[in-house]
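Visitor: Annotations for this protein, taken from Swiss-Prot, read as follows:
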- G46, I47, S48, G49, G50, Q51, D52, S53, T160, K189, T211: ATP binding site (BINDING)
- D52, E165: Mg(2+) binding site (BINDING)
- R140, K173, D180, H260, K261: deamido-NAD(+) binding site (BINDING)
Amino acid sequence: MTLQQQIIKALGSKPQINAEEEIRRSVDFLKSYLQTYPFIKSLVLGISGGQDSTLAGKLCQMAINELRQETGNESLQFIAVRLPYGVQADEQDCQDAIAFIQPDRVLTVNIKGAVLASEQALREADIELSDFVRGNEKARERMKAQYSIAGMTSGVVVGTDHAAEAITGFFTKYGDGGTDINPLYRLNKRQGKQLLAALACPEHLYKKAPTADLEDDRPSLPDEVALGVTYDNIDDYLEGKNVPQQVARTIENWYLKTEHKRRPPITVFDDFWKK
């Protein structure tokens, strides 16, 4: 088995999907989890205005709507959380995503004060954060806020991780990568677009250039620039297609060096890191 085949198997990717079937699969997955653990009353998700959180948010609200109708349990809710750092450049996209999702509840937590306070506390301990590490600080502060909200609403935190993100480890460890449940896991980037198109999402929300937008020195840096490969390259690779050798090498290098991000903390029983 080639490394490409191993990766595809590990991430559960498929070369082709039926958008309606995958929508139903994700919604039923969320519903089943909530029904298995009836003490869970809310799904909590940060909404950025990008493709992934827009899709995950819509699926969450669909699952909650169906469960409320089927069970009569009005205590169930989906909480969309806006988590800007100061003023967000694409704020209108965030509002458009909220309008599309129609969440039960919308909360806004501006993380800038908390990030600056943390940075100052570290500075007083003689630790000066680089711009890149400050970006990770933002991602972790966003997740901390979501877990606080989940803790106070008997909820779980929903993630937006998908195959095209997981393969490159393009997430912050214990930031956006630290979640309870990931309904998009298995899908690549273009497949996520297919689901949003089937859900009649405004096109500009999934046709925009994806960006984590964490670095102050490089605002709105496109993911594809940071990664050195395009999402079309990554999606082709995940669909088992032939890609240029240098592209495959770049993707596989990302996969191998970020393996620790896809695993629980390393213990004496692990040996993957020795290979």
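Yeah, the Cβs are placed from backbone N, Cα and C, and that goes for glycine too.
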Visitor: Which has the fewest other CB atoms in a 10 Å radius around its CB: G46, G50, the listed binding-site residues?
Guide: G50
Visitor: Between R140 (deamido-NAD(+) binding site) and G46 (ATP binding site), what C-alpha distance do you get in Å?
Guide: 12
Visitor: Fewest other C-beta atoms within 10 angstroms of its own C-beta: which of the binding-site residues T160, T211 fits that?
Guide: T211
Visitor: Return only the integer: C-alpha distance in Å from K261 (deamido-NAD(+) binding site) to E165 (Mg(2+) binding site).
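Guide: Their Cα atoms are separated by 11 Å.
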Visitor: Take the Cβ of D52 (ATP binding site) and count every other Cβ within 10 Å, whichever protein chain it belongs to.
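Guide: If we count other Cβ atoms within 10 Å of D52 (ATP binding site), we arrive at 22.
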Visitor: Per DSSP, G46 (ATP binding site) is which: helix, strand or coil?
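Guide: Its secondary structure by DSSP: strand.
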Visitor: Could you state the CA-to-CA distance between T160 (ATP binding site) and D180 (deamido-NAD(+) binding site) to the nearest Å?
Guide: 11
Visitor: When DSSP states are folded down to helix, strand and coil, where does D180 (deamido-NAD(+) binding site) land?
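Guide: Where D180 (deamido-NAD(+) binding site) sits, the three-state DSSP reduction gives coil.
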Visitor: Within a 10 Å radius of its Cβ, which of these binding-site residues (E165, D180) has the fewest neighbouring Cβ atoms?
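Guide: Per-residue Cβ counts within 10 Å for the binding-site residues E165, D180 bottom out at D180.
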Visitor: Which of the three DSSP states, helix, strand or coil, fits T211 (ATP binding site)?
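Guide: Strand, per DSSP.
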Visitor: If you compare CA-to-CA distances from D180 (deamido-NAD(+) binding site) to each of the binding-site residues G46, D52, T211, which comes out shortest?
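Guide: Result: the closest of the binding-site residues to D180 (deamido-NAD(+) binding site) is G46.
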Visitor: Please list, in sequence order, the residues in the chain of S48 (ATP binding site) that are at least six apart in sequence and whose C-beta is under 8 Å away from its C-beta.
Guide: L83, C94, A97
